[in-house]
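As recorded in TrEMBL:
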- C:46, C:47, C:48, C:49, C:74, C:109, C:146, C:147, C:148, C:149, C:268, C:269, C:296: carbamoyl phosphate binding site (BINDING)
- C:141, C:175, C:235, C:272: N(2)-succinyl-L-ornithine binding site (BINDING)
- C:4-159: domain 'Aspartate/ornithine carbamoyltransferase carbamoyl-P binding' (DOMAIN)
- C:183-304: domain 'Aspartate/ornithine carbamoyltransferase Asp/Orn-binding' (DOMAIN)
């Protein structure tokens, strides 16, 4: 069993209940992962994912081994048939098979190029691990998805909703750098599986991949989208259509307390204050960002638990 | 309970006795930290602190998680109200609160700028963690203090003294780089709490912060200060008055066997041989530097033990 | 007991049998290393060694502590009597003695310069640790040897041979970068201890150190060497005679299925595909490279086990 995308969740409500059970008793399965090793391979920077996934592994009694692939090792080659006389020193066929000899589960973080759409959508790194590793793979944020975050967010909404079918808005917000679509994509997929009223707000030219958004309503007027919102999940992403470009930095899309109304504010973090969202929101009780970060542990722990049970 | 400065030690003699008890039975509390996580966050390089603090955590049964903040994650913002459209990607308010979700204790290393005295004295990084984290904070060397080292040094002097009230000299020595005042400051504060005759020797223009040295005698004549010394603790620091500047590189301040007489030599390490101290000293039985390094484990273990007991 | 070179193996057949016993029951000694710490110090990049040595330590119940010396700490000085007013901040005399305070065993990786033959052959880093550390040292690849790899390779040949005295060929292959002699040297030394027919194939000007190859036959004609081969172990190295130089990049030395015949293919990895060996070999059942990588764990575990038993 791999955990590659939100689509690997068969029944999101059952998973949410299972995550809540873990959260109420984090050490309940501390024998399950005994003498099992989780390899955490980072091709990119990480804070929450790095710490929460290790914490989840420790709660299951596993031994985490962390590796910064670029810094600790060398360039990895992904091309088929390449004559490797350039900068890459090891092919993913060997690297994935080799790491599988030492780790019972491999978790991988690998961001997109944001310049080569086809390459990013092929999920070259993650899929190569899934193909060539002989052990289960967990996605710690790939080119197009961040399913540990998406599961976390579903859990958090389930915990904090005060009504059976809350209205959830995913709102784009401005940023100074070109950012990936991974968090947005996985949040969309998670919300499509939940019993919520879900809409997206983003400027024109910023629609996410239509194969992911499907028939989810997309508003280009933020105020209109926010009417009656119970949760506003905010995230910047670069243009998908004009791939990886920054087309808009309009500060009017920044989230403010005034815009939020009674809605709860969510963000995956890290967040740039007073660019994506004003201080007043993050410093208020409307913000759930720290609670989300806490839930990262239990989402990861659920995924690892399911894989460990599947290995038995 | 935080461990931020030597001033957090209520009774240094009691702490020294407790550290000696740990040293005589390092695994005596191996159940105390079971399933507890120590996050070690390094904004700067470290060898002794990195290894000894992990070792201390392991002796208490804790799980250490190490993170090089700059290399593994991204730039952290400390300013209030900043519009974060520059190089920092996450505010300390979030970072500290988030790490608190995964770690039961957070240990932080963050060196001074040595260019901005006010910023350094505000202990921006450490104090921000103390303010925004929801778990105890341990100082692994901050802008102005290194209290794990200071406690180590007090323990070492207590172990090696042959008289009730030894004479201890803190002597400046030359160096090629501008170094922080942290080790010097914490050693001064530790000695002021102990029953020793304590004096400082440094060139003119190199007095440490007078709010720390208080009424400790300061000699600008090294030979005079060394008369009757039982312990000579050596450390370079840059000028405090002319903040962060190198005003003096006089090799006559280097420590030699001849100067030491019967005194023991101490240094926190790393030490530049034949610049700070001649080979003959370090290679002789007068040197306690390796014993000090060993005591780093027990000082850290005492601090972690006290915090763990306080958490219960 | 240190493990510095293949020459530290007293009886290679007994060691191979012991490694096989560990492989059949990897957790059989999980209490042996309880509360013992293995320090892994990397002066250079590592993937297999980094992961497999940690895995071996975990199988023995040890706590591994990993440190990238250059990135996590600072430059280490190795010269005797140096006035340390340059780029190095700590002398190996202190560094090795200090790390010995925190770790029960120290494993070190330090590559050669490939520019200074005398310095490389003095094994400056490894020998300094062996001299100044007060705990056992394990070589995780040094300037002139990689004995954990050599032991792994001996184990793998023993597992896969179908005859009492197989023919083993060590063949040089082309590469774009100047590579060390360490793997080649340790493989030669391991084969000289085993009951195999062992020959070396390399271009003229590429003979390894004659003090290591001794009376092992060296062919400059690859095809001739390969006649009747059961195992072809391939590795690039730079010239030893014209030290560290690339004298030959002849693609005719690349390993192909046609050249291999019925022989098994071995390589320590990482390997550059279609430069050192063609895809067809690595993707065939003739390749043992993944099995070799797996055996890295058991070779390391045997070495650590022997050292732990010796410490008792």
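For all residues, glycine too, the Cβ spot is worked out from N, Cα and C.
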Cα proximity to residue C:175 (N(2)-succinyl-L-ornithine binding site), best match among binding-site residues C:46, C:48, C:148, C:268: C:268
DSSP helix/strand/coil residue counts for the domain 'Aspartate/ornithine carbamoyltransferase Asp/Orn-binding' (C:183-304): 47 helix, 19 strand, 56 coil
Neighbouring C-beta atoms (10 Å sphere around the C-beta of residue C:296 (carbamoyl phosphate binding site)): 28
C:46, C:48, C:141, C:146, C:235, C:272: the binding-site residues whose Cβ falls under 8 Å from a chain A Cβ: C:46, C:48, C:272
Sequence-distant neighbours of residue C:141 (N(2)-succinyl-L-ornithine binding site) in its chain (C-beta under 8 A, six or more apart): C:44, C:46, C:49, C:109, C:110, C:111, C:148, C:149, C:180, C:182, C:183
Subset of binding-site residues C:74, C:148, C:296 within reach of chain B (CB-CB under 8 A): C:74
Where residue C:48 (carbamoyl phosphate binding site) falls in three-state DSSP terms: helix
When distances run from the Cα of residue C:272 (N(2)-succinyl-L-ornithine binding site) to each of the binding-site residues C:48, C:74, C:146, C:296, the nearest one: C:48
Spatial neighbours of residue C:235 (N(2)-succinyl-L-ornithine binding site), counting only the binding-site residues C:74, C:146, C:296 and Cα distances within 10 Å: none
Reduced DSSP assignment, residue C:175 (N(2)-succinyl-L-ornithine binding site): coil
Reduced DSSP assignment, residue C:148 (carbamoyl phosphate binding site): helix
Where the record names C:46, C:47, C:48, C:49, C:74, C:109, C:146, C:147, C:148, C:149, C:268, C:269, C:296 as binding carbamoyl phosphate, the maximum Cα to Cα distance in Å: 30
